[in-house]
Every structure is written in C-alpha cells, then in structure tokens.
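Asker: The signal peptide annotation in Swiss-Prot covers 1-21. Summarising the annotation, Swiss-Prot assigns domain 'SCP' to 65-210. Annotated N-linked glycosylation site per Swiss-Prot: N146, N209, in sequence order, evidence recorded as sequence analysis.
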Amino acid sequence: MASHVIVKFITAAILIGSCYANYCDQSLCRRGPHVACNAPTQFGSACGQEPKFVKMDARMKNLLLKKHNELRAEIACGKHGFPQAARMPTLVWDDELAHIASFNARKCIFAHDKCRNTREFKFAGQNLAITAFAGYNFQAADRAENFTQEWFNEHKDCPKSYVDSYPMSHSGPQIGHFTQMVNDRAWKMGCSMVHYKNGRVIKYYLVCNYSMTNMIEEPIYTRGSAGSKCQTGQNPQYRGLCSPREKVRSESYRG
C-alpha cells in the first residue's frame, strides 16, 4: 500500500468558557476580529469525517511543554551557534491560551487567526502545523513532538543577527516558528489539536498560542550569560532556563 506524509507549518508575527474575557471587546484586538468572538462551537466544514479534539490531558500538556523547554534550553545555553540568553523563562501551560487555540483548530483550515489576545497577554503569538498521511499509524503524541521539533529546526536558517532585532521582512526559508519558540517574553503557552479524516487520508492539525509574539525590530531574546538575569533562580531540569516561577512582561518594549 502506498504511504505518504505531508506536513505544513505556519507561524504568526504581529502582529466558551464563562470564566474567560469578553472576546468581542474591541480593546483586545488591533488587527481584526478575535478568533473567539461569537465563534461557532462546532467543527467547520473543512474538518472532513469524524473530527475530534485530541484530549489535552496531563500527558499531552507535559509532552508539549517538555519538548519546548528542552529546545529553549539549548538556545539559552548557547548551542547551535546562538548567543546565550540571560533570562529565558520556562514555558508553563495556560488554559485560556489553549481554549482560544481551540477556536482556530476546530475550523480545520490551515491559517492564522487575526487575533488571539487575552486580557493578560495583548501580543499573543501562534504557531501552526498540519500533517496529512495515509498508510501510517501515527499517534497524536508522535505528531505533536514532531511538529515542535520541525519548528525548532528552522534555527538552521535563522541569521544570528535576528536575536537582537526581529526583521521587518525576511526572505528565504521560514524562521518564525523557531523565533516564536525561543522568545524570552513568552512564558506561557496553550495548544489545541484536532484529528480528522478525508477519505483514506488522516490529518492532525496543531495550534499553539503563546503569551508573546515576535515583535518587529525588537529582540527575540536578551543576550547574556545563561540564566544570569533570572529573578527566581534557574530551572534544575532545564539548564539555562529560569525557574517555572519566573514571570516576565509579555509586552512590546515600545509600550
């Protein structure tokens, strides 16, 4: 039987729980409607047959966080030719960011939403990935880990000078997923994943939202001895990252 896999990635740069904000509040968004404003709760027509959410249980959350933080720590410690990061926080899970990600995921359309901000995070970022395959027995955990690694692998094409100033424009292979992953003003993340079918083809679509996005002409992270500016100490599990208690301001330096 013929087997094939197609994977696509996309990243964003800036730019229905009752316990969450009014997402139709125009003060949340500068660039268009919020993805969760008056959004349908059912799956979209693009979701093919048998669409369902992958359960973001403790195992899946930990897998995504562990993979992200392992790779962030590599950059924080100066691997792959990048400068060390003075204050790279450990990413922790945020249920609201994950909740908002579900509104994009349930459309099954591989495209960024225009706005995914929260009251706390006014510059939320986003990474997307989708895969289509037939003849394989991939599981959600396999795909989530693979997506994250592929995002990170963009470091091979990312000029080191971008660390100090994210460019207005970039030509060449994608680098935005990688820069989103290692942004030192991102300290929270939340993801949603959908599994569905189109005939014999099986698809997984992953949406991860982050507390901060790539800001044009601003640093991706601050150079310095690894962890030297952490205010709560370093994470013993992920050397070079600040402890999980480290909270940073997910804001533009321009205010």
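All positions are counted from 1 along the displayed chain.
Every residue, even glycine, has its Cβ placed from backbone N, Cα and C.
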Asker: Using DSSP, what's the helix, strand and coil tally for the domain 'SCP' (65-210)?
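Answerer: Counts, helix then strand then coil: 54 helix, 37 strand, 55 coil.
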Asker: Taking just the CA atoms, what is the gap between N209 (N-linked glycosylation site) and N146 (N-linked glycosylation site) in Å?
Answerer: 17
Asker: Of all the glycosylation sites here, N146, N209, which one's CB has the most other CB atoms within 10 A?
Answerer: N209
Asker: Find the average pLDDT over the domain 'SCP' (65-210) in the predicted model and report it.
Answerer: 97
